[in-house]
Amino acid sequence: MSEEASKRTQEEADAPDLECQSDDSSDEGDASGDTEMDFLRSLFSRTLGLSPGEKVLDELTLDGVARYILSGKCKNIICMVGAGISTSAGIPDFRSPGTGLYANLQKYNLPYPEAIFQIDYFKKHPEPFFALARELYPGQFKPTVCHYFMRMLKDKGLLTRCYSQNIDTLERVAGLEGEDLIEAHGTFHTSHCVSFLCRKEYSMDWMQTKIFSEDIPKCDSCGSLVKPVINDKIFILGWSIPLRLKFLSSQSTFSDFPRCDLLIIMGTSLQVQPFASLVSRVSNSCPRLLINMEKTGQSEFGMGLFSFGGAMDFDSDKAYRDVAHLSTCDDGCMALAELLGWKEELEQMVKREHALIDSKDAKKKDKEASQNSKSTGAEAGKSDKTE
Ligand SMILES: [Zn+2]
């Protein structure tokens, strides 16, 4: 608390022109007022070029980032992640011809692959969605080194939040919890009845049982379809306007970024708006580390309407805060962990957690097998009442 107060005093000293305004505001509104001030201050200074960003990293390399984290000045890390962090878990891309998953979906004659996520199509033809859900169902896959690296950031009190574009819930499997996560495209974690009048919520366990019994999940109360909360209309032309505004103005999106000390962007090509525009929401002194197979986010145009001058700059003469580490997300995270002295700890965490998942899977399979043999036993001798 006192640390927060001293930070605030420091910020006010840095911006004396705003001090008299904050005197007028009531105590109650202080926290959110500060957040808004932070945001507006960084927005104006970036847009008008009032204050150039401060150079925080001593070197624009992974070593520079590691030294910054170890300096203790970096306390609020945000991770922004995309499909690239889950490829090493074996999660197939249903949009790539030639994969088993794509071939599997061919038999449903989808008008186009993205139709599978659209609610209007789903209401008429729920089967392909659930076929995909069976293939992608969380628990079929293990989180990657990269997922566990984020878990380590959380355990060490450094993770402000993870913004994920993925629907595979591997962040949750790795140990991130509700408040650690913004699942920008939705999640399998909760399901709802699709009827607007009902909207009954269902658990992940309930949905899992339905999905694997190959039943089409129907609401207990009203008989309508039940669907995991995966956002509609996200894969074409970015997001719908209401969804975009809701996401960009949400409390956490609004307050996380101005306070961020380090933004780590992993496994995303920053193509889908409004997600991509979030990289421009951090202060102009905040270092941004990209771990990806190729450089991305450099074009101002590509960053879209909400950018306000936040395109990534790794290589120009003016580059001062953006670092690109070109590798797989797992290799990049492991390299960073090594520089931080966390390598062994990370390796052990991955080993331990994977073993735990394997043993849970084995128990589940045993249970299913014994249930199956019991039920076939019961079928075979219905009149048999021994036991
Ligand atoms: Zn219902």
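Positions of Cβ are set from backbone N, Cα and C atoms, glycine also.
For the recorded site, His185 (active site, proton acceptor), the DSSP three-state label reads coil. Every protein chain shown contributes to the tally, and the Cβ of His185 (active site, proton acceptor) ends up with 19 other Cβ atoms within 10 Å. The active site, proton acceptor annotation in TrEMBL covers His185.
According to its DSSP assignment, Ala83 (NAD(+) binding site) is helical. What TrEMBL records for 83-87, 93-95, 165-168, 268-269, 292-294, Cys329 is NAD(+) binding site.
Summarising the annotation, TrEMBL assigns Zn(2+) binding site to Cys193, Cys198, Cys219, Cys222. Counting only residues at least six positions away in the same chain, the Cβ atoms of Cys193, Ser195, Cys198, Lys200, Leu225, Val226 sit under 8 Å from the Cβ of Cys219 (Zn(2+) binding site).
Here TrEMBL flags 1-11 (among others) as compositional bias 'Basic and acidic residues'.
Residues or ranges marked as compositional bias 'Acidic residues' in TrEMBL: 12-33.
For 357-369 (among others), the entry in TrEMBL reads compositional bias 'Basic and acidic residues'.
The domain 'Deacetylase sirtuin-type' annotation in TrEMBL covers 55-343.
Annotated region 'Disordered' per TrEMBL: 1-33 (among others), in sequence order.
According to TrEMBL, the feature region 'Disordered' maps to 357-387 (among others).
Between Thr268 (NAD(+) binding site) and His185 (active site, proton acceptor), the C-alpha separation comes to 14 Å. Taking a Cβ distance under 6 Å to any atom of ligand 1 as the criterion, the binding-site residues Ala83, Cys193, Thr268, Met293 reduce to Cys193. All chains included, 25 other C-beta atoms sit within 10 angstroms of the C-beta of Thr268 (NAD(+) binding site). Secondary structure at Cys198 (Zn(2+) binding site), taken from DSSP and collapsed to helix, strand or coil, is coil. Proximity to His185 (active site, proton acceptor), defined by a C-alpha to C-alpha distance within 10 angstroms, is shown by the following binding-site residues from Ala83, Ser86, Asn166, Cys222, Met293: Asn166. Within 8 Å of the centroid defined by the CB atoms of Cys193, Cys198, Cys219, Cys222, the record's Zn(2+) site, lie the Cβ atoms of Val194, Ser195, Leu197, Arg199, Lys200, Asp220, Ser221, Gly223, Ser224, Val226, excluding the listed residues themselves.
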